[in-house]
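Novice: Just lifted these from TrEMBL, have a look:
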type	residues	note
REGION	1-173	region 'Phosphoribosyl-AMP cyclohydrolase'
DOMAIN	20-93	domain 'Phosphoribosyl-AMP cyclohydrolase'
REGION	106-166	region 'Disordered'
COMPBIAS	122-134	compositional bias 'Polar residues'
REGION	174-303	region 'Phosphoribosyl-ATP pyrophosphohydrolase'
Amino acid sequence: MQTGLVPVVVQDVETGLVLMQAYANREALKRTIGTGQAWFWSRSRQEYWRKGATSGNVMTVNEIRLDCDGDSVLYLVSPKGPACHTGATTCYFRTITPKDQAEGMRVQTASPAEAGMDTTRDTGSAPSSSTVSEAASGGVGVASSEDATADAGCSGSGGGNDREISSTGEVSILQTLWTVLESRYRDRPQGSYTTYLFEHGVDKIAKKVGEEAVEVAIAAKNAVAVSPVSREAQVPETAHVSAEAKAPWSAVTDGKSPYTDLTSGQKELSSESADLLYHLLALWKMAGVTPDDIYRVLKERHG
């Protein structure tokens, strides 16, 4: 059950660094107390999850605190490995600051040192500023689940270390995720789920892609069942579809996503799609194919 859901802030008991934020209910708290490890409730997947279950980056909970109103929880933990899927010790390595003499805000990506990047605890390299810039200026935005796919993704800007925040806060991390995958493929850090995939070879990864594709298909059926009225008119398979209709939404909406206020079914579909994309990228890497190769084919077909 998801009743009594509260936000959980996770803090390193030794350094005081805020590592991440997730959600928990009564059962998740019971599991945390009973096992001594951090448990949460996934709002997108509608299931319980233990931090580090696949990645090995578990968090031993030393103390649990409630705030003064009893509507949020603090886990004081001893982390084994980074909290963020990017390899950063903390998920909070971007700062939002007012722009000088101008309206709006800007996102600034901290350096690895400022972000608490622990290169001794996790051998995966942090995204460089140029990599982060590429991620924000192009590619497909993804959200990740546990290990390389559960924690929230992060990215930066085009042309520098900051970018304007869009109205929906969309930030692409495809290039960032690819950089992390390349690092895992090269360094093979122990305890990493991505390392596990690469060491088990193409058959294992291909199997995971197939499994995740089925999950995406099921999630799509569930999303339609929950929300029968589509955001767009459903086009019969036999109908003629123009080139514009085939184009991604960003090509016809000035880069602003119309997909806001998702239903639970649509959130599930988004989460499962992110899992599929992650495993697909891992399969590309294993087979020696890069996102640029895919972009080139897409450009030839739709350019």
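Note that Cβ sites are derived from N, Cα and C of the backbone, with glycine treated the same way.
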Novice: Per DSSP, what is the residue count of the domain 'Phosphoribosyl-AMP cyclohydrolase' (20-93) in each of helix, strand and coil?
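Specialist: With helix first, then strand, then coil, the domain 'Phosphoribosyl-AMP cyclohydrolase' (20-93) has 10 helix, 29 strand, 35 coil.
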Novice: Let me know the model's mean pLDDT on the region 'Phosphoribosyl-AMP cyclohydrolase' (1-173).
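Specialist: Mean pLDDT across the region 'Phosphoribosyl-AMP cyclohydrolase' (1-173) comes out at 67.
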